[in-house]
Amino acid sequence: MSSSESIRMVLIGPPGAGKGTQAPNLQERFHAAHLATGDMLRSQIAKGTQLGLEAKKIMDQGGLVSDDIMVNMIKDELTNNPACKNGFILDGFPRTIPQAEKLDQMLKEQGTPLEKAIELKVDDELLVARITGRLIHPASGRSYHKIFNPPKEDMKDDVTGEALVQRSDDNADALKKRLAAYHAQTEPIVDFYKKTGIWAGVDASQPPATVWADILNKLGKN
């Protein structure tokens, strides 16, 4: 990797694996852009754009948003977001082999190929316990958990004091659909990046500080 303050990576893992906890750590450490497709989609939904309305309908049913929507949104970020000049942490993308191939092609054309794909690995049973208690501060995307990471004041954001919400797709049935979709569509991505030689796996059932240390170790940055 080019310098200690630069990174171009993909963060892979099922819903609730801790991507939302670790990505800000990576963003701060490497001064890179955290490109979270979930946050981008929720921003589009909040603005009521056509893309947002289409995405909300799919997400509320526990499905995954189409390749075309995702590819166009990511390409726009990589082209127009100044923070991407110091690198980027892609979170929630790519989810499929066609997306991974399109991403690789685009990044190679721009002379900024991926350096690492880190997979956060967790058992489904633990994910269910983690995710069904998750609370979100909509304006910032900060996440809490009723059991594992509660806010200082019940149902209030630590920073602003504003109300927290439980996401509408954070219920058991929708979660099972999301995990089934994740396993079916995303696990081939791991094989794809293993073949290209940039994959590394991290046990994400460990405490967050241990997971962070492991990530830095896999990146060769500890």
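Glycine is no exception: its Cβ is also placed from the backbone N, Cα and C atoms.
Listed features, source Swiss-Prot:
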{"type": "BINDING", "residues": "G16, A17, G18, K19, G20, T21, R134, S143, Y144, Q206", "note": "ATP binding site"}
{"type": "BINDING", "residues": "T37, R42, G63, L64, V65, G92, F93, P94, R95, Q99, R167, R178", "note": "AMP binding site"}
{"type": "MOD_RES", "residues": "S2", "note": "N-acetylserine"}
{"type": "MOD_RES", "residues": "S3", "note": "N-acetylserine"}
{"type": "REGION", "residues": "36-65", "note": "region 'NMP'"}
{"type": "REGION", "residues": "133-170", "note": "region 'LID'"}
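Annotated features, which come from Swiss-Prot, shown on the structure.
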| residue | record | Cβ contacts under 8 Å, 6 or more apart |
| --- | --- | --- |
| G16 | ATP binding site | V122, L127, V128, R130, I131, R134 |
| G18 | ATP binding site | L120, V122, A204, P208, V211 |
| G20 | ATP binding site | A36, D91, G141, S143 |
| G63 | AMP binding site | K177, A181 |
| V65 | AMP binding site | T37, L41, E54, A55, I58, M59 |
| F93 | AMP binding site | V10, L35, T37, M70, I74, Q99, L103 |
| R95 | AMP binding site | L64, M70, Y182, Q185, T186, I189 |
| Y144 | ATP binding site | R134, L135, I136, H137, P150, P151, D158, L164 |
| R167 | AMP binding site | R134, I136 |
### Message
Between all pairs in T37, R42, G63, L64, V65, G92, F93, P94, R95, Q99, R167, R178 (listed as AMP binders), what's the biggest Cα distance, rounded to the nearest Å?
### Response
26
### Query
So how many other Cβ atoms are close to R134 (ATP binding site), meaning within 10 Å of its Cβ?
20
### Summary
Here the 10 Å Cβ neighbour count for T37 (AMP binding site) comes out at 21
## Note on the structure
In whole Å, the longest Cα-Cα distance within the recorded ATP binders G16, A17, G18, K19, G20, T21, R134, S143, Y144, Q206 is 18
### Query
In DSSP terms, helix, strand or coil for Y144 (ATP binding site)?
strand
